[in-house]
Each structure stands twice: as structure tokens, then as C-alpha cells.
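Here Swiss-Prot flags 1-31 as signal peptide, drawing on sequence analysis. Under the heading domain 'Chitin-binding type-1', Swiss-Prot lists 32-66, citing sequence analysis as support. The disulfide bond feature in Swiss-Prot is assigned to C34-C42, C36-C48, C41-C55, C59-C64; the stated evidence is sequence analysis. The region 'Catalytic' annotation in Swiss-Prot covers 75-277. Feature annotation from Swiss-Prot assigns active site, proton donor to E136; the stated evidence is similarity to another entry. Per Swiss-Prot, the feature N-linked glycosylation site maps to N274.
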Amino acid sequence: MAKPTSRNDRFALFFITLIFLILTVSKPVASQNCGCASDFCCSKYGYCGTTDEFCGEGCQAGPCRSSGGGGDPAVSLEGTVTPDFFNSILNQRGDCPGKGFYTHDTFMAAANSYPSFGASISKREIAAFFAHVAQETGFMCYIEEIDGPAKAASGEYCDTEKPEFPCAQGKGYYGRGAIQLSWNYNYGLCGKALDENLLASPEKVAQDQVLAFKTAFWFWTTNVRTSFKSGFGATIRAVNSRECSGGDSTAKAANRIKYFQDYCGKLGVAPGDNLTC
């Protein structure tokens, strides 16, 4: 005959069961930060989304929002990047390959299909983004790197130590698009995020006007945005760290700072501190 369970034993069993339930219920919530799509944020509570509620304070993963290096408020991307502002950046030389390729309409089309870029963005961050675009493309003059094919032929931009992103024969992974996406691993990761096989067809970035901006948005939200909370200088290091090492490249970093200050002026916002890298 089984020994009757005492009141103390029943209480201990209830307490142990309660602790077990708390632990097992809380784990799935915490683990949700691995389940969001690449262009969605995981909130501090473990849910996916693209607004400030998800990408703001406490954001655990994804394209989390920063304070913009100075806490300036979020603005409407469409209302801030007007045709006049956009066109003021364009290089108006008649021989520019990018003339007619980079347009305000295609910029907005790309932003609408990649909502996490502009869902909660500040004027200062907009100025920072376009400062890097201006430097990388010559004020949106160049669609692809001038000497890119020659560099690709010599084996540059193909990192063989990343076998998960194999370089396709006859393909070059040199700079293309609004922020000059480079290297096989970036083409691979970006292509996966955008559902495009960019490892097999990297040239698509220089052929598709919307994709040329979407790759820039991907690079920005994945590699640059979180650095911006430390000031513009940190974004220079994130985009091209070689420009922070002195020598001739220092002039290019100075250009980025100048453009950033100029665009902040156009948008009526202070550039903040920590401009250099």
C-alpha cells in the first residue's frame, strides 16, 4: 500500500511544477530573436516587426534603430528625401553612367520594398546614408566600380576562405550599386536577404535600378546602422575602414564628413559629435 502524501510533500511538488512551467514558457519567447526575417527587428519582448516598437529601445537583433548619434526624432522618409533633395545630390554631368539610373522614383520604390530602412529613420541618418552614397558613386554618377573588372580578373573581391559563398567562374564581385556592394560574401548574404541569387548573377545590381538601392539598404541596416549611435565617424569605419588608417585615404574620409555636414545643413539638423574615425 502506497504511503499517503503529506501536505508538505504536496506543496513542494506544486512549487517545483510551478518553477518548471515558468522556465519552459519563458524560453520560447526569448528564442524568437532567431526567427525574424533579415529585414525585421526582434523586439525586447521577442517579437518581429519594423516599427520603433520593435526596432527601438531593447531591440535584440536585426536592423535595430539607433539614436542617430544625438537622439534626433524619426521622420517620414518620403517627406524628407524629396525630389529636390535627391536631385541636388545627383551629378549632372552628361557623361555620367548613373544619369537616369539613380532616380528619386526608384529610390522610393526600393524603400517601399525594403521597409526596415525607412520605417523609423532620422534626418541625421538620412544625411549620413547619402554622404556615403555620394562618396562611393561620385554623387550617383557611377553604377559600378571603374576598375572593377580588372580587379576581379586578378582575383580581388573573391574571398576563398569563405567557401559557403563560392565565387562563380567568370563573375566579378566588385563594387556595384548605390553603396558599391563588394566581395563575394556580401553578394551572397545580401542575395539571400533579398531573395536574389547574386552570387550567380552579381551584374544584376548594376542592371536593376531598384536592386541597386535595395543592396545599399541591406548593407546599411546590416553593417552600418548600429554604428551610427557612436557618431558619423563610426560609419566611415563600417563602410570603408581603410580610410581610417591615414595616408591618401584620409582625404576620402574627409569628403564623407564634408558631404554629411552639407546634407545635414540641407535637412536642417546638426551633424553632432564624433565626425572622424
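Placed from the backbone N, Cα and C atoms, the Cβ positions cover glycine too.
Spacing of C59 (disulfide bond) relative to C42 (disulfide bond) is 6 Å (Cα to Cα, whole number).
Across the structure, E136 (active site, proton donor) and N274 (N-linked glycosylation site) are spaced 21 Å apart at their Cα atoms. In this structure, C42 (disulfide bond) is part of a beta strand by DSSP.
Taking the C-alpha positions, the distance from C41 (disulfide bond) to C48 (disulfide bond) comes to 5 Å. Residue density at C48 (disulfide bond): 16 other Cβ atoms are found within 10 A of its Cβ, drawing on all protein chains shown.
Taking each Cβ in turn and tallying the other Cβ atoms within 10 Å, the top scorer among the disulfide-bonded residues C41, C59 is C41. C48 (disulfide bond) falls within a strand segment according to DSSP. Take the CB of C36 (disulfide bond) and look out to 10 A: across all protein chains shown you find 21 other CB atoms. In terms of Cα spacing, the recorded positions C36, C55, N274 that come within 10 Å of C42 (disulfide bond) are C36, C55. When the recorded positions E136, N274 are compared by the number of other CB atoms within 10 angstroms of each CB, N274 has the fewest.
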